[in-house]
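Engineer: This structure is in structure tokens; I'll ask about it shortly.
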Ligand code: PMP
């Protein structure tokens, strides 16, 4: 393999590689990462290491190059890295499904192992639409969500992303037409709860499901809302024959201070999506869980199968690492770690509130957000963080962090300093 210099890699990257939400050829120079260990990313240009403030988009909760996850991957690699899932099964997938059923809210019993968060949302939507078709109610085929959400970049998930968020506006008029309630306010407001109830009731005849991110809206704006709205939605859905889907892809596995954000409200959805931290960020795998009611409904239909079966469904390597990651999480006092990071972020981000141009500072679990009153200058903000030795990825008017749970106190403080510096310069 030819050894390429960093400059050569960057030139080839610019010419040939698509990056998320990137133009072709690329405009901005990415940083080249050579390796990663613990909470540190080592850069290939010899400039040193960055503390990871992003957990590779919510996923690397245990940090990088973790011996337990490495061993799970290595052990499974020696046995079988992949095998088709149609007509065959294997221990890692079965063990993972059982583990997910055991740790998720009571009542979720069946697990579809998808290969990305977006696909798990596609599967969730398909489950809901098919459920009502099977019951002879094909008119129930729309989704209700609240504004400000984000559920992925494939077709159905895009249709329930924030319609004004700018991410998917290109496709307005082409995407399935869904029903949008107002975005949830930060605190609890009875008037908003009533708005949710009446919107569900008004559209119930055409609604297959309500789909929301519980407690934290992530990529749509990093907003936090009261768990009480989840109970309002559960009651409204039950009263009006509508299924309830929670997208826990970002919030799952402890990030908000509950194993799943639904736990803050003690609500069980009919369908739940998980991803990102499922494999500790090692491999691409997500899952859609549903209740026996949903599964039985689908199985009673004219087409009694869920017609979805991606090539890499149930990938054994990813499943083995996912089992190791979930067991690693449950085998430690993860809540104490998340609360420790929460306290560190609260303290470290407090000075940001006094900065000019800062609209809001908010912290929940191992998530810290500084919201500006203007669009962030991404390059200036990122460079300010890098000067502090920290990797952040600001967007829109937001500078935010969700560090790995293994981030030590000094590194949490450093991340908070970097967020403040980025807010000052961005
Ligand atoms: N739902 C939520 C809440 C997410 O945060 C994301 C990823 N940002 C997705 C769905 C899509 O997941 P993926 O990027 O793995 O397709």
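Placed from the backbone N, Cα and C atoms, the Cβ positions cover glycine too.
Note: TrEMBL annotation is automatic and uncurated.
What you are looking at is a predicted structure, and each value in this text was computed from that prediction instead of being measured.
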Engineer: Considering the pyridoxal 5'-phosphate binding residues 117, 118, 310, 311 given in TrEMBL, which of 247, 360, 373 is annotated for that site as well?
Structural biologist: 247
Engineer: Quick one: of the binding-site residues 117, 247, 309, 310, 311, flag those whose CB is under 6 Å from ligand 1, and say none if nothing qualifies.
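Structural biologist: Near the molecule: 117, 247.
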Engineer: Can you grab the distance from residue 311 (pyridoxal 5'-phosphate binding site) over to residue 276 (substrate binding site)? Cα atoms, rounded to a whole Å.
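Structural biologist: About 19 Å separates the two Cα atoms.
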Engineer: Which Cβ among the binding-site residues (118, 311) has the fewest C-beta neighbours inside 10 Å?
Structural biologist: 311
Engineer: If you measure every Cα to Cα distance among 57, 150, 276, 309, 393, the residues said to bind substrate, what is the biggest one in Å?
Structural biologist: 34
Engineer: Using a 10 Å radius around each Cβ and all protein chains in view, which of these binding-site residues has the most neighbours: 117, 309, 310?
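Structural biologist: Result of the Cβ crowding comparison: 117.
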Engineer: Around the C-beta of residue 393 (substrate binding site), how many further C-beta atoms are within 10 angstroms, looking at every protein chain?
Structural biologist: 17
Engineer: If one looks at the chain holding residue 276 (substrate binding site), which residues at least 6 apart in sequence have a CB under 8 angstroms from its CB?
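Structural biologist: Looking at Cβ-Cβ distances below 8 Å from residue 276 (substrate binding site), excluding near sequence neighbours, one finds 57, 58, 59, 117, 249, 250, 252, 253, 286.
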